[in-house]
């Protein structure tokens, strides 16, 4: 490696990358990144970390199961029963396998799992050592090798997936799409994604100011032991507010109190120190205030010292804490023991849970108090909850590890219960039978299938929506879904702060892509080059620091701290160092050489506060930046040349990182670097803005996410428009995946003739938007022509539509399976007959074949039967005597959706997991654009089709070009989507030039002036205006019209799926009002506001008809004397009111059924509404 470097020592200046070369060079670097990483690497790496490290760690951390039978009181001497020890050791994960009902294993391919509704999972095996210890004999050890303990769902395209490392050709043979990124699971045939969950970083001290509470300031530390199942235990150190509710009259100044886990009341901070064994005031102050020459701070601590003056010994302090515990011990010894336990195990567990951690804990606690005092004195800024460096993202790895830990614990519990039963009877037990494999398999499957993250039994406590069904509308929507982030804040909270775009999100999270409405700003998406760390062990770093003259906290005198720099590793204070500058340089050098330190570790030096923080934990969001030294990029031309030939020389992104040219910087470290936006900023100028750059952006357009990268010229649009397009781009039709013909998706839209856009951004290459586009380049004119394009509607060219413009096909799949409910109830596919079947609908059963399934190619329409299925009726005792039962079966067939028509496209019959017959049927229907369908450009300019004119009625240019779409000029000024206009110009140039136009954001090489000049070179008007002729009259239209090719998308909202009306139809059982919703053929609600309007109109009869006659009319008989509903038998014309013994004076009242129901419900609660007839 060194020889190569020496050869390269020739003239450095020739090797620099010139700014004009940089335009191409940066994209070569970006391409190498995506070639190696892909777009879902953060999901795959996290899952691999779980399989390779976490599972083994969880299994090893579990204590061995120690069993002993209860002593049997036999006659004579009592012999010591044998002890059994079970230890779980090495784990093995096999390839994804499926066992058929006959028990034959076969490798399971993902597409088979999708089609047969199976779970794509791999079996997990473990070595178990069983030791039998009998008194007086030597212990007997038996190894149970590779015992099956459950199945783990496998993420597609991860290391353990069967598709990993296959070529495109192999993938095609397996019916998989080579472009599919993976990163999701297949659970019962449906694709599930794990959404990254945001949380506050653990083990870090935060100080916040409290408003309107008894505290002025609070410091908190959510402390969590690395890789353990223990819940986080939080400790708060707070300063009471002046004259607050909690202030005692006698106490002068502001006291400082701590809230400890499992201790009900707050404990004065000095008492906590004394309980840790630091008794003298001087000792305590040395741990809090490192510099005794600081009178202000000493003054702040004085009230706290005065308060704790009464308690001077450690045991008294421990007793003070113990007596405030959850259940205080009876004796003093018990209370002291309890307090010791809490301080050792529950307070700040990340500092240490073993014995003799008191010094470290005292220092950390002192640090917390010190930070609190600094904030109170205004010497240090308060922390920011929304700073992204204070956040961690839980991806598949940590989420699954959390679940697996719980499941494994349950498994061990069950094994213990099972084995104990046998041992108590004096027998040995069978290990294979003791392990309930369903616990792990079903537990993981349940959480992934429902999204309730946690134990099934405590479903209400679990987080909901962690796992979601992968969105397969467009390829972009799939990619975007795999890179989504979620903040678990209640959606109903009207808090603006967490929803706002924070400065620290630059380059990490897309600024445009977030949903509108209640989840705005809480659901985010990763920027293109952002990556989430998977976490590494801090031990090598700690060892390195030991060698590099870091002084341990146990060994120093507290006075030394004031001048030295504190070192934190993952939030835990490990020591101090005298020469921080040199230490940081060494650490950086090591990280860039990828020696000892992994490239995703972040190192922050806070010079003002004299702290160095090193983080190696999982879930930090980071991104690659180019390293600058002495105002020059370390990336040289030779690197670019090697990357250009990466097909031949295997030089990749990884080599760039290894040669120390690029490094990953996370949000916290980003605040300590000086970033140049382009290498141009590094050039020597007369007035240098900055001469200490340390890093340079690769390309500023990488701050955008998947959906925003598809927008051309997003830097020329008003920002909410980019947000609207990011949402609409996910609903556009296109080819969502190349193997759609072999998939049986519930819903799928496929465009007939998708085109790649004439105007693209460079980022689109990596999103595969050219291979799987979702739209058509249509000629768009901006004009008001006949007025049928007002209010965001568009006029379309009927002739173009007839030629296939924006025509699409819609697939819907139906699934059904046979099963056995009881011993006599079984469901079977067959063609039901009216003679033997009960409950058959008025529908056409003739299209079914004899096996009960419809044949492919048959045309079907609403309410036709597509799967015939019957269930045998159970035989009642009474019917056994009479031999001739009319009905032996009940019909439970599947019908086509009411409002749909189509042709049966494909029928698949197979066996499911239980070995029952199982079928899926796919129906296709052609959707031709019609009035009311929704279209949109790539700039948030959505519109519906207002009318379609034939080609001869459309305006035309002198060249004979007619537009496909005419949009209204009013759509532009107020929305300021200038990108839409520039795209049109650029598209016009591209069409003439015959090459794809570049519309990458923040690109100085392309501007409107340059495009306009090119356009005028081709003989067009500078700004794209043309003379148009009226299609109806043939006359010249007086004004010039802006016309050119613009990329349009057809969205999934179509009139055929929404049109709905009802005259009469089904009603609800309870209140006899019409059903709700199109799928149930429901009514249209005449709501409160509509009612108010009719009252204002004075249209009383109409109002009565809507709210009564057309809804739920009903007749009630009412007793004239008491006004309560009477008993009426209309057949025999007998009426009576039992209460009044009245049979004659009864009136008939008409009222809504809902009103009658309300009166009866009130009566059931002993309120009597009386209807007095006048």
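Going from the start of the chain as shown, residues are counted 1 onward.
Note: Cβ is positioned from N, Cα and C throughout, glycine not excepted.
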Phosphoserine according to Swiss-Prot, picked from 233, 726, 937, 1061: 937
Zinc finger range according to Swiss-Prot, out of 1097-1118, 1119-1140: 1119-1140
Annotated residue, N6-methyllysine, per Swiss-Prot; candidates 632, 685, 869, 1052: 1052
Site-mate of 841, 890, 942 for RNA in Swiss-Prot, selected among 718, 731, 1068, 1073: 731
Spatial neighbour of residue 1122 (Zn(2+) binding site) that is closest, considering only the recorded positions 792, 890, 1052 and their CA atoms: 890
Spatially closest candidate among 841, 890, 1052, the listed recorded positions, to residue 1078 (DNA template strand binding site) (Cα to Cα): 1052
Nearest-integer angstrom distance between the alpha carbons (Cα) of residue 1140 (Zn(2+) binding site) and residue 456 (DNA template strand binding site): 56
Where residue 409 (DNA promoter binding site) falls in three-state DSSP terms: helix
Fewest Cβ neighbours within 10 Å, where candidates are the recorded positions 456, 731, 937: 456
Cα distance (Å, whole number) from residue 409 (DNA promoter binding site) to residue 456 (DNA template strand binding site): 14
Cβ neighbour count within 10 Å of residue 1122 (Zn(2+) binding site): 16
DSSP residue counts for the zinc finger (1119-1140), split into helix, strand and coil: 0 helix, 9 strand, 13 coil
Among 731, 792, 937, 1119, which are recorded as recorded positions, the nearest neighbour of residue 1052 (N6-methyllysine) by Cα: 731
Candidate binding-site residues 409, 1085, 1137, pick with smallest Cα gap to residue 731 (RNA binding site): 1085
